[in-house]
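According to TrEMBL, the protein has these features:
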- A:31-50: DNA-binding region (DNA_BIND)
- A:8-68: domain 'HTH tetR-type' (DOMAIN)
Number of protein chains: 2
Amino acid sequence: MPKIIDHDERRSHIVDVTWELITQGGIEAATMREIAAAAGFANGALKLYFPSKEDIIQATYERALGMMREYVELDELRGLTALRELCVSSMPIDEDRIAAGRVLLTFWQLSLTNPKLQDKYLEHIRSWRGLLHRYLAEGREDGDIVTETPDEQLVDEVVLINAGANVMSLVAGEFSTIALQRQHLESFFARLTRP
Amino acid sequence: MPKIIDHDERRSHIVDVTWELITQGGIEAATMREIAAAAGFANGALKLYFPSKEDIIQATYERALGMMREYVELDELRGLTALRELCVSSMPIDEDRIAAGRVLLTFWQLSLTNPKLQDKYLEHIRSWRGLLHRYLAEGREDGDIVTETPDEQLVDEVVLINAGANVMSLVAGEFSTIALQRQHLESFFARLTRP
């Protein structure tokens, strides 16, 4: 009887392996050769599942996004409450999320020279910023958010603090602690509720 | 007459070339082979000037730091004025500074798996945070800074916004604009002067 190969399972296994290589050894460790070896494939066989390294990196990045999406529980929420949940849950506030930041750092690096990965990232940023705008608008409608700071500036502030925290928790976590991240968000939310 | 070789000039040339490779093609383009070829050296000859790739990357990162230091003019300044100069000048507010951010992104990535580069980065962060603390303390002494937010939180906020802006101006510059960066800093400074 021929062996049945589960294509999706193989792809998922390759992403697991790439995730491990990136979080353990960084971008330099995640070569096609290393990925194939760690996944137990002959070098050329990877191509059956992913046409190029770019595709593997993209799938690994999507795993990171998917992981973050699972942390964020937005159902039923709106306005300020939804905003708070979205902002807090997507910060690198535990070991797993800090590791996901490492995948993100690799993805940023590669997206700088790869238009396809860059498009993917801009698509994510557009939808994230859109969601932040929506919750801010709802929060103003509900009368919870009254700050005079324009929404576009608030959205960008959340994005910069989040990106900065992802980097700093990796490269200088002894200074930029999780406790400080929480304080930044608390101060931010307090400001939203004041004119 | 034997040709006189200026060791420092050669090192500086190698750093120029590495800078170009990183800002044009990212970390993947800056291999020892590519650096040697672009600098006009035989592959092994690079070792006469830099023992390892790590040393080249470190020297290139130091060039980025040196560049940022030149932008910041702190002589005679103290307190809130010095703080403002330090914060504004070290943001990626023009093309050259955005390019320096790219070198920084590469350095972060490599520092994650290289203890020597990581020590170098932590040394920089320690001194940067120390300077921010000093100016905040002076600003309070002068009565210009009166916010109740603790200095450690303010320092970390500057660091996160700066790191976030460095990343976002590279990977999503169409959203995280220079104008928004300036607005963030203006709002931050306005907050410092209110209880």
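Quick reminder: no glycine exception, Cβ is built from N, Cα and C everywhere.
Nobody curates TrEMBL annotations by hand; they come from automatic prediction.
As the structure is a computational prediction, the values presented were derived from the model and not from experiment.
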Confidence summary (mean pLDDT) of the domain 'HTH tetR-type' (A:8-68): 88
Helix-strand-coil residue split for the domain 'HTH tetR-type' (A:8-68), DSSP-based: 51 helix, 0 strand, 10 coil
